[in-house]
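**Student:** Got a structure for you, questions after.
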Amino acid sequence: MRRAVSVSVRVLSDLLSFAALFIAMGVLQRIQPFRLGYFPSDSTIALPARSSTIPSYVLYAITIVSIVITVIAIETAIAWEYIRMKKAGIPVVLYSIYDYLLVAFFGYVATILITDVGKVAVGRLRPHFFDACGPVPVETTSLGYVSVYRCQKNPEKPFDLMKSFPSGHSSTAIYSAVFLFVYLQLRQPSWCIPAVRVAFQTVFLALGVLTCVTRITDNKHHQTDVLAGAILGFLVALSAPFYMCHLFPSQPNSSVRVLCPFSAKER
């Protein structure tokens with residue numbers, strides 16, 4: 001009974017934590033980014049507008065499904081091996097899957113949140129700003145810098161054009177790729193064929209890099225935006241598992257000690 005209550009409290013606290021993150025993300029979406037001006041001769045924001053090779057919904061679908069399927073498949077394989085050797089019960093599988101998905105998606109949401117903070121705080125104009133906005137100068141300094149303007153095109157949605165830095169696609173894609181790379185490296189059944197693991201790791205990293213490249217070729221981001229997003233995703237992917245493990249201290253005979261992805265015992 002006490003264990004059931006403990007599990008319920010943990011799940012509730014996890015849900016509240018995610019709810020707080022999603023609320024923060026919603027608030028950030030409604031905040032106007034820092035409004036930078038521009039020089040009419042700035043060629044870095046004069047590129048043609050293009051549709052995204054990888055739309056946001058495709059990115060989210062692929063990364064989320066990849067994480068879920070990978071974690072479920074690996075943890076089920078490990079748990080099945082454990083069941084055969086130790087006669088453990090099926091609930092161990094559920095605890096395992098829950099713990100790893102919690103780690104993965106806490107970092108996933110945190111990556112998006114940190115990215116949104118950067119977009120709002122910096123307010124960098126996208127490479128296709130001129131083409132997508134069609135800005136009309138309102139106030140211009142003596143040096144020709146347009147400090148105040150209005151968009152002729154898409155006047156109802158000008159804020160997105162001010163959210164170039166850092167790249168959200170890049171941070172999300174690289175976070176997912178690196179997290180899965182590390183996860184597959186550290187969590188695998190004893191019978192796993194190394195070549196198969198390396199093949200999946202290569203595919204995940206290749207998809208992450210491909211996503212970054214398309215943000216440049218689609219004129220959605222400057223190169224430094226993509227680099228910053230990739231670094232952000234990389235750092236969160238490496239730090240999130242260690243941070244989450246500290247939230248659940250190791251206890252003797254605890255599923256957290258056994259299942260925490262980067263515990264001292266497993267390293």
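Cβ from N, Cα, C; glycine included.
No curator has checked TrEMBL annotations; they are predicted automatically.
I grabbed these lines from TrEMBL:
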TRANSMEM  12-31  transmembrane segment
TRANSMEM  57-80  transmembrane segment
TRANSMEM  92-114  transmembrane segment
DOMAIN    100-241  domain 'Phosphatidic acid phosphatase type 2/haloperoxidase'
TRANSMEM  198-216  transmembrane segment
TRANSMEM  228-248  transmembrane segment
**Student:** When DSSP states are grouped into helix, strand and coil, how many residues of the domain 'Phosphatidic acid phosphatase type 2/haloperoxidase' (100-241) land in each?
**Tutor:** 94 helix, 12 strand, 36 coil
**Student:** Who are the chain neighbours of the transmembrane segment (57-80) in space, where the CB to CB distance is under 8 Å and they lie at least 6 residues beyond its ends?
**Tutor:** 88, 90, 92-93, 96-97, 100-101, 104-105, 108, 169, 172-173, 176, 179-180, 183-184, 187-189, 192, 200, 204, 207, 211
**Student:** When you scan the chain for residues with a C-beta under 8 Å from the transmembrane segment (198-216), skipping those not six or more beyond its ends, what do you find?
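**Tutor:** Non-local partners: 52-54, 59, 62, 66, 70, 167, 169-170, 173-174, 176-178, 180-181, 184-185, 222-223, 225-226, 229-230, 233.
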**Student:** Give the mean pLDDT for the domain 'Phosphatidic acid phosphatase type 2/haloperoxidase' (100-241) on the 0 to 100 scale.
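**Tutor:** Across the residues of the domain 'Phosphatidic acid phosphatase type 2/haloperoxidase' (100-241) the model's pLDDT averages 91 on the 0 to 100 scale.
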